[in-house]
Amino acid sequence: MKKRITSININKTKKPKVEKDVEEFTAGDDCDEETALAEFANPVPWQKIEAEGFDCDYALLFPKEEADILFRKLEEEVEYATGKEAQVQVFGKVYNIPRKQATYGDAGLAYTYSGVKRFACPWTPTLEHIREATTKSTGQTFNFVLVNRYKDGLDHMGEHRDDEKELDPLCPIASLSFGAVRDFIFRHKDSRGKNSQQYIEPVKLELAHGSLLLMNPPTNTYWYHSLPIRKKVTTPRINLTFRRIVMRGKKCIT
C-alpha cells in the first residue's frame, strides 16, 4: 500500500505593493538596486508548522520584486566549489555532489560534512544583506551559510540531518529559497526504511520564491529532510541555509 505524505498548505499572503518595477534595473545599476532592496524588505507574518518533534516557522521574507533582484545578484556573486570540494564521501565511496555548492561566513570558520572540510569564503554584499534581513526577522544570529544551486529538477539533495559537531544544536537553521519552487520533504527518524519502528507521516512543503523556513530545535534531532528529483522542473533554484557554528565554546546568541 502506498504511503501517504502529509502536504502542508502554506497560506499565500498578499505581497506588499511596490511602485518601482524590477525590470527598470540593469545589471550595472547597483545604486538603484541597493535602494530598492532597502525599500522592498517587508516580511509577512509567520506561519507555525508542527508535528511530532517537528517545529518550523515559515514566512515570505522577500516580495517577488526583491526576490528577483536577490536571485540575480546571487547568480552574479556566488562562486561555487569545483574539483574535490564538489564531491562527498558516503560509506567510503566518493561521489560528485548532484548540485552546485558554496560556503560563506565569518573569517576562520570551517564546516565538515560527508568527509569534506569546507572553509568559509568572505561574505558577498548580497549574502550579507540577506543575513541581516534573516537576523532582523528571526532574532537569531548566524555566522555561516551553505549555498546550494539546483540547475533544474534533476539536481537534488538526499535525505539527511544537519547533525555535524560544529553546529550549535540550540540554534535554528534558517533556509531561504530563491527561484523555482521545489518539494522539500521531512521524514521522521523512526519511520525510515522497510524495517522502520513505526509509521509517521512525512511532511512535504513547497517553499516559495523569497521564502524563509526556520527549522527550530528539536526538528533536526528527529527529522531527516531531502529535496527529491522533480523532472518537470526546468528552472534553477538557489537555497541558502544560515547556521551558527560554535567557536571556542560559545553558544548561540539570541
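The backbone N, Cα and C atoms fix where each Cβ goes, glycine too.
TrEMBL lists PHE91, GLY92, LYS93, TYR111, THR112, TYR113, ASP163 with the feature substrate binding site. Residues annotated as domain 'Fe2OG dioxygenase' in TrEMBL: 141-246. If you look up TrEMBL, you'll see ASN148, TYR150, HIS160, HIS225, ARG237, THR241, ARG243 marked as 2-oxoglutarate binding site.
Least crowded of the binding-site residues (HIS160, ARG243), judged by neighbouring Cβ atoms within 10 Å of its own Cβ: HIS160.
Taken together, the residues of the domain 'Fe2OG dioxygenase' (141-246) have an average pLDDT of 92. Of the binding-site residues LYS93, ARG237, ARG237 has the largest number of other Cβ atoms within 10 Å of its own Cβ. Under the three-state DSSP scheme, ARG243 (2-oxoglutarate binding site) falls in the strand class. For the pair TYR111 (substrate binding site) and HIS225 (2-oxoglutarate binding site), the C-alpha distance works out to 19 angstrom. Here ARG237 (2-oxoglutarate binding site) is positioned 24 angstrom away from ASP163 (substrate binding site), judged by their C-alpha atoms.
Rounded to the nearest whole angstrom, the C-alpha distance between THR241 (2-oxoglutarate binding site) and LYS93 (substrate binding site) is 26.
Minimal Cβ crowding within 10 Å, among the binding-site residues TYR113, TYR150, is found at TYR113. Using CA atoms as reference points, the binding-site residues ASN148, TYR150, HIS160, HIS225, ARG237 were checked against LYS93 (substrate binding site), and the closest is HIS160. The maximum pairwise C-alpha distance among ASN148, TYR150, HIS160, HIS225, ARG237, THR241, ARG243, the residues recorded as binding 2-oxoglutarate, is 20 Å.
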